[in-house]
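For B:48-64, the entry in TrEMBL reads compositional bias 'Pro residues'. Here TrEMBL flags B:65-74 as compositional bias 'Low complexity'. According to TrEMBL, the domain 'Transcription factor zinc-finger' annotation covers B:2-40. Positions annotated as region 'Disordered' by TrEMBL: B:48-87.
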Amino acid sequence: MRVDDLIAAMASLTGSSATPEVLGGDRGDVVVVRVGDVVAKAHPADTDVEALRQRVEIAAAHPELLLPPLKPLQFVDDRPVTVWPYGTPVSQADPDTAPWEESAELLAKLHALPVQGPVAGTPERIVRAIRALPPELPHADVVLRAFEVLPPLDTNGRALIHGDWHLGQLVHRGAWRLIDVDDLGVGDPVWDLARPAALFAAGVLPGDLWARFLNAYRETGGVALPTMEWEALNIPAQAYVVQMAARALVSGLQAVEPLVEACRRIATTHESSDRG
Amino acid sequence: MQCPKCHANMRTFDRMGVHIEQCDGCRGVFLDYGELESITRLEAQMQAPPPVAAPPPAAYPQPAQPAWGAAPQQIHHHHGGHAAPYGYGHRKKHGLAGLFFSS
C-alpha cells in the first residue's frame, strides 16, 4: 500500500473531515497522522498485534495516567492502527519549564499499578538500536566497545512500565498524560528513569532538572530506586548512553560528543574493574 | 533636671525611641520607669537575625554522579549564577536538549 493511500485510510478511521497532517516526519515504519482533534498511528507491519491490543486496553483502563484511545485497535489492510485524541506536546524551547515533576509522578503511579500486560519493549529495543549501528561510522568503535563491556541487561519484570520514556512521550490534554504504548508492559521500572539518568551522567541534563525528576519520583512513592539511586541505575543508564550515542551517530541530527565521551568512560570503568 | 549625684544639669537624648537623661558633669544616666526594659528589648532585637522577607526557594542538592559520570565542570548547573562559565545559556547550545525528546 502506498503511503498516501495509508494516510487517506487512517484519516477516514478518525471520522474527521479535516485535512490530514503527518506528524513527526518520516519515521520509517511508523506513520502518525493528525486529523483535526484526532491522531491516528500506523504501527510497524511486524508489530505483535495481540501485545499491542493489550497495551491499548491498558491505556483505556488508566486514563488518569495514559492518554486513553478513542477506539480499540484498528487495521488498514494488515497494518495495525491506533486512534487517539490530539494533545499538546511538551515545548522543546526551555527544558526548565518542562513537566519534569509531572512526568515523574505519572511514572511512579504507573509503576504502582498491578503488574499486567505483555513484556515491556525495553531493554530489547535498546539492544536493537545499538545493533543497528554501522561499525564503520566515525566513533562507532568507541560506542560498540562500551556496549561490549556491559553485563547482560536485566529483563526482570516486576512492574508495569512505559518502556520508552522521554519528554516527547507526554502530551497535555486537560492534564499531562503519557503517550506511545508501543513498549508498555511488564519490566524493571528502573528503565523508565534510566534515560534521564544517562543524560545527567553524560553531562547533558542539568543536575537541578535531574534532581527535580528524581525527587518527584521518590515523593510519589516510586518503587524503582533504592536509597542510593545509582545502585539500580548504573547499568541501565550506561545502556541508554550507548543507545543514544548509536542513534545520534546514525541520525547525525544531534551533538554526539558528550555521549561518545561517556561511552569512553563506561568502557574504562568496566575495563579497570575487570582487571581489579 | 539636675543630676541626683553631682547636681549638674542633665540633658535628654533620644536613643532609638528611648528617652534617656545624661548628666553633663559626671556623664551619669537616668532612666525613667520602663526605659530599662525598653533598652533590654532593643538589645535582644539587635542580636536576633534580621527578619527574612521570603524564604529562599528550595535548592536541591546537586545529585550524585556515577563513577563514570561527566566531570563536575561539565555539569551545566545554573543556580551558581548566570556569570558562571557553564551558566544558563549553555543549556541550549548544540541542540542537546533534543535528546530529552527523542527515542
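In case you wondered, yes, glycine gets a Cβ from its N, Cα and C as well.
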Query: What is the pLDDT of the domain 'Transcription factor zinc-finger' (B:2-40) when averaged and given as a whole number?
result: 81
Message: For the domain 'Transcription factor zinc-finger' (B:2-40), how many residues does DSSP put in helix, in strand and in coil?
response: 6 helix, 16 strand, 17 coil
